[in-house]
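Contents: one structure, followed by commentary.
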């Protein structure tokens with residue numbers, strides 16, 4: 001007797017097992033091509049660790065795609081690759097091509113350390129391919145009045161920006177053993193459940209495959225990690241979750257519906273936003289790497305790696321629970337819950353001093369050069385006092 005949940009279980013188990021088997025292989029490939037993270041001031045790891053775990057996650061997802069195809073064509077599984085009514089022109093083949101482009105971009109970055117603009121170009125191409133295939137939010141509905149805002153041609157650049165942003169927030173959060181992969185797994189399970197509830201079977205299939213693949217990889221990535229995601233993995237996770245969120249809300253979306261996937265990715269979004277604010281306040285490039293991310297702050301507060309990761313898992317789970325409640329209530333309570341979650345997360349961000357700069361300009365008196373200093377440098381305290389006097393003269 002056919003069970004409706006059986007295809008999803010098969011996708012989950014397939015992705016999990018393939019990722020589990022492929023992760024050691026990915027590690028060996030990383031060592032061979034020199035894609036290895038060596039310890040430095042900014043990194044947490046204290047020994048060299050390979051960073052191409054994205055290979056295993058990618059293979060797990062692709063294996064699930066194959067099983068989905070075989071199940072649909074040979075085993076009479078329900079056809080899940082059916083676009084929503086307003087996604088009639090959706091091309092899943094183009095979405096797969098987009099996955100391949102973002103994965104290839106990450107692999108090249110892991111091996112050759114691409115320049116930021118080169119990496120951004122790959123992300124934009126991957127997003128544009130999916131959008132060209134029909135993955136577009138064309139209309140946004142005001143939940144209070146019911147009025148629809150037609151985005152027209154703006155729908156295409158807006159959706160590209162949305163996807164690229166989702167890619168980058170997961171890229172930035174990948175800083176502790178099991179952090180990005182664990183958060184992606186929790187987000188994947190949440191999006192799977194919400195997609196099933198919304199009747200979006202295509203989004204549900206991708207979400208459960210992603211959850212299985214990240215869980216299989218987590219066996220080797222959890223503290224103490226023997227392999228990292230690398231950009232091949234973190235870019236892929238962000239792209240996959242961004243695609244799931246777009247598939248699940250359909251082409252015509254209520255404003256509060258769009259908020260749900262943003263709440264699920266709350267921690268990466270907060271981390272990215274605070275990093276931008278922090279770096280702009282200090283007048284340094286927003287692309288400058290620093291030790292001011294959430295996981296760095298938790299370590300500075302006295303948590304070890306495992307405790308910091310588990311705390312961020314719990315934070316993510318709480319946000320995901322909030323999204324379940326949001327989908328079950330009316331518009332006004334939904335907005336109220338969102339504001340509550342935003343206030344609580346904002347309070348935690350302030351408590352961790354996420355907006356406080358950790359990179360400051362310093363003019364070297366010996367060379368006259370303008371340098372960037374961090375808390376580990378002798379000149380940082382002096383520059384921090386100057387910064388505080390400038391920005392808080394009455395403090």
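Even glycines carry a Cβ here, placed using N, Cα and C.
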Q: Among 52-70, 71-89, find the range that TrEMBL records as transmembrane segment.
A: 52-70
Q: Please find, within the list 179-197, 369-387, the residue stretch that TrEMBL describes as transmembrane segment.
A: 179-197
(Q) If contact means at least 3 Cβ pairs within less than 8 Å, sequence distance 6 or more, would you call the transmembrane segment (52-70) and the transmembrane segment (203-222) in contact? (A) yes
Q: Test the contact criterion for the transmembrane segment (258-277) and the transmembrane segment (203-222): 3 or more CB pairs under 8 Å, pairs 6 or more apart in sequence, then answer yes or no.
A: no
Q: Would you kindly check 6-31, 90-108, 153-172, 306-325 and say which stretch has the most C-beta pairs under 8 angstroms to the transmembrane segment (179-197)?
A: 306-325
Q. Are there residues at least 6 beyond the ends of the transmembrane segment (90-108) whose Cβ is under 8 Å from a Cβ of it, and what are they?
A. 52, 54-55, 58, 61, 65, 81, 83-84, 114, 119, 122-123, 125-127, 129-130, 132-135, 167, 202, 230-236, 239-240, 243
Q: Find the member of 153-172, 203-222, 306-325 that has more C-beta pairs under 8 Å to the transmembrane segment (6-31) than any other listed stretch.
A: 203-222
